[in-house]
């Protein structure tokens with residue numbers, strides 16, 4: 001009896017740790033999102049060559065978030081970050097209509113990787129504050145998300161600079177990763 005109570009208590013109140021990989025094309029807003037979550041403020045960013053990694057504490061969960069640069073020359077390196085990833089955040093620049101096909105192709109290429117087969121997918125439809133931004137439904141359609149029948153996925157409209165939508169996305173991510181455990 002005591003052991004089961006201890007397990008229940010630790011399951012409810014112990015800090016959970018989750019490994020999250022955040023990728024997307026260059027200039028989608030990944031680093032801005034990372035530091036908005038970590039610091040609650042906008043930081044001046046430069047294109048990420050390599051990666052940034054931060055621990056984001058949110059609702060009894062410790063998210064280790066790997067933000068990996070998105071320039072086309074370094075995308076082949078993404079695969080080195082796949083191991084043990086529980087959640088994949090794919091950040092889309094909702095205003096970048098010219099690279100929708102490129103973003104879709106990169107997303108599907110990653111989702112076909114064996115090391116990511118169990119990872120849940122959160123798509124951040126970022127830059128929703130811009131006047132020409134595609135909404136979440138349009139991004140869902142253009143990225144072929146409905147074809148992902150064997151994967152838990154969710155799309156969240158966001159604005160990295162204001163923080164709008166980011167924590168709603170983390171809520172979904174934490175609930176879905178915890179349910180798989």
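Using N, Cα and C of the backbone, Cβ positions are placed for all residues, glycine too.
Residue density at residue 24 (GTP binding site): 23 other Cβ atoms are found within 10 A of its Cβ, drawing on all protein chains shown. Annotation source Swiss-Prot lists GTP binding site at 24-31, 67-71, 126-129.
The N-myristoyl glycine feature in Swiss-Prot is assigned to 2.
The most densely surrounded of the binding-site residues 27, 68 is 68 (count of other Cβ atoms within 10 A of its Cβ). Cβ contacts within 10 Å of residue 71 (GTP binding site), excluding its own Cβ and spanning all protein chains shown: 12.
A C-beta separation below 8 Å, combined with a sequence spacing of at least six in one chain, links residue 128 (GTP binding site) to 94, 135, 157, 158, 159, 164, 165. Neighbour list (residue 30 (GTP binding site), Cβ cut-off 8 Å, at least 6 residues apart, same chain): 22, 23, 24, 48, 67, 68, 70, 91.
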